[in-house]
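The domain 'ABC transmembrane type-1' annotation in TrEMBL covers B:81-293. Taken from TrEMBL, the feature transmembrane segment applies to B:21-43, B:85-106, B:118-138, B:168-190, B:221-240, B:277-296.
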Amino acid sequence: MIHLNRRQLLTGAAALTGAGLLAGCSPSSTPSGAETLQFWHLLSGGDGVTMSGLLDKVNASQDAFHVRPTVLAWGTPYYTKLAIAGAGGRAPDVAIMHATRVGGYAPGGLLDTWDIDRLASLGVDESTFSAPIWDKGKIGDKRFSVALDAHPFVLMFNTDICDKAGVLDSDGNLPPISSPDEFVEVMQAITGASESHGLSYGYLGDGSQMWRLFYTLYTQHGAEMEFPQEGAPVIDDDAAVASLTFMRSLLDGKIAAPQADYQAAIAEFATGKSGVLLTGVWELRTVQAAGFPFNAAVIPTMYGTPASYADSHTFVLPHQAQPNEHKRELTYQFVADLLKNSFDWATAGHIPAYLPVTQSPEYADLMPQANYAVAADQVRYDPPAWFTGSGSEFHSEFGATAQPVLLSGDDPGAAVKKFRDYVTRQLSKPNPADPKGVWKA
Amino acid sequence: MSATTAPIRVSTGGLQKGERLISWAMLTPFLIAFVLFLVWPILHGFYLSFTDQSLTGAGGDWVGIANYLEALTDPVMWGSMGNTLWFTLLSTVPLVIVALVMAVLVDRGLPGQWLWRLSFFTPYLLASTVISQIWVWIFNPQIGAANALLAKFGIAPIAWLQNPDTNMIAIVIATVWWTVGFNFLLYLAALQNIPAQQYEAAAIDGAGGWRQFWSITLPQLGPITALIVMLQILASLKLFDQAYQMLGGVSSDTTRSIIQYIYETGFVGYRFGYSAAISYVFFALIIIVGLIQALVTRRKGQ
């Protein structure tokens with residue numbers, strides 16, 4: 001008995017009704033004989049333009065494959081669709097995920113593992129990544145993701161305003177800052193030279209934005225968070241309260257606006273009304289477009305331990321029920337090609353993960369990107385758990401607890417307790433990707 | 001238009017055999033769609049609520065009533081349920097009263113009726129995404145029109161959507177502005193059905209405007225009011241899109257609706273089975289509300 005699945009049936013039907021007609025619909029840029037690789041990503045705006053350029057380059061450089069991107073909206077829509085595609089066994093050949101989201105996908109079998117030897121034969125191995133970024137791609141001893149970049153939370157400053165405030169050194173950098181008090185002093189000086197506030201930080205209604213600054217400050221205490229499944233969360237209450245209290249103290253209406261959302265803060269800085277902006281590196285192009293001289297740096301180490309909140313865009317192999325070995329081979333080729341060409345990715349602000357790129361002389365000349373490249377060695381990702389990561393509910397839940405502190409001066413201690421309760425509740429629930437808890441990396 | 005009229009068959013109960021066949025044949029497409037897209041999903045969803053099915057394809061094992069037990073002890077579920085009921089109360093009252101006032105004002109001889117009808121009803125035609133964006137701007141603490149207005153009275157800026165004390169009020173205001181036009185139209189149509197003779201007779205008897213309103217207009221509007229209240233309660237219980245969009249991703253303990261929690265649990269947290277269980281708890285609540293409504297109106301009818 002002949003057993004056809006739906007795809008074979010459709011293919012057969014297409015052949016009968018005139019395959020020539022259908023072939024005529026494929027993009028003319030596809031060289032004949034090239035395999036089409038389906039590539040899903042969530043990069044829009046400036047990032048999307050940069051990625052398109054990179055893909056055009058990679059596509060033009062060889063005849064073996066043609067990468068066809070599908071761009072989906074950032075956050076929940078993307079991750080929901082990727083999960084369903086994987087669960088249905090009809091996943092794209094390769095996809096971009098945030099490194100912090102991989103842990104929630106791997107146990108469910110939604111991702112296939114990368115073959116480390118095959119990657120190494122293409123020049124992609126442990127020696128070509130900084131340790132924290134390379135290690136983040138592993139779960140247990142299996143490799144589920146290969147990082148394209150790190151995108152930390154940093155500080156950008158208008159050098160005209162900071163110069164007027166007299167805080168810059170002869171190289172145009174901010175002075176060394178090693179405590180919250182010193183940070184406040186410098187910000188007050190900059191405030192004196194600014195039209196509105198010294199510092200722009202938008203957070204209203206944006207849990208991720210609150211989390212990025214909070215986790216930078218928190219991890220600078222030398223503390224991390226641990227969320228063991230079905231266990232009790234490890235959270236350093238003192239460090240958390242100190243970080244929230246400090247964030248609140250900056251929003252005094254002088255140094256920073258007490259009620260600003262993300263867009264308002266960007267606008268304030270981009271129109272030259274404030275001296276400093278706390279933001280992710282992905283806003284670099286926006287600030288460049290504003291047209292005034294500026295510089296960027298990692299957020300100063302105020303509590304002893306150098307640390308920067310960050311996430312990474314990483315390549316993953318969504319699970320395919322019947323992978324085509326030839327396409328897999330080409331997918332490895334494509335990822336290696338893109339990593340080696342990721343210098344252009346740096347122009348969007350991100351720190352390329354592939355060290356031969358960031359260690360090149362060209363990158364050293366790339367300003368201000370080179371000034372914060374050090375962040376790649378001190379990145380702090382979200383605490384690993386199935387419910388954490390970029391664009392997750394965890395971020396918005398954190399925002400719901402932190403926002404009343406920042407906005408109305410509610411008790412930071414109570415907020416930390418509420419946050420702990422939320423995490424405890426999440427940990428007591430089964431991991432949806434592994435409800436029985438049987439998965440081992 | 002042709003003035004010829006086809007002979008109308010008055011049903012005498014019972015169709016011929018051929019007619020019955022034809023009627024079934026005509027109903028079949030609808031029945032298939034009904035079973036495929038309504039009955040089957042409802043039954044399948046009910047089955048899922050007894051499993052640990054994940055959106056990621058994992059799980060799917062029978063867990064009995066574990067999901068229901070978890071739901072009944074889940075503080076976030078009850079909080080969301082409470083928010084939904086609170087919103088229903090806060091929004092239904094103004095949505096009925098404001099619609100009535102607007103309809104009476106327009107009905108009582110305001111010139112240019114079409115203009116009022118159009119302007120009161122237009123917001124209802126807009127998509128929730130548009131409404132949300134408009135009101136996010138209005139409620140923006142720094143540049144929004146709401147705070148600009150308050151500033152004229154010397155009131156300090158309020159973070160409408162971010163402050164847990166005001167965000168539900170803000171959503172109610174936006175919702176009333178958005179949907180009141182529908183109730184307004186229903187009331188207006190009902191008002192125009194009240195015979196003018198009743199008002200004339202009342203006027204002859206010496207009844208003034210208020211007397212006429214209390215003794216003629218309001219009682220005549222009784223049935224339509226019962227309908228509007230019921231439709232409004234059902235509509236308000238479905239609170240989700242405008243609140244979700246206006247809050248822009250930060251879950252708020254004071255505005256998270258039960259539908260939002262179902263969405264978050266299933267599509268963000270991937271716990272499909274548990275999400276299905278919550279939706280059946282909510283389904284039960286709607287049935288209870290519907291039964292109460294039916295009881296109340298039946299008693300009134302008697």
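Positions of Cβ are set from backbone N, Cα and C atoms, glycine also.
Please treat TrEMBL annotations as automatic predictions, because they have not gone through curation.
Of the recorded ranges B:21-43, B:118-138, B:168-190, B:277-296, the transmembrane segment (B:221-240) has the largest number of C-beta contacts under 8 angstroms with B:168-190. If one looks beyond the transmembrane segment (B:21-43) by at least 6 residues along the same chain, the residues whose Cβ comes under 8 Å of a Cβ in the stretch are 15.
Through the fold, the transmembrane segment (B:168-190) approaches residues 83, 86-87, 90-91, 94-96, 98-100, 102-104, 106-107, 117, 120-124, 126, 128, 131-132, 135, 139, 160-161, 220-221, 224, 227-228, 232, 235-236, 239, 242-243, 246, 254-255 of its own chain, all at least 6 residues removed from its boundaries and within a Cβ separation under 8 Å.
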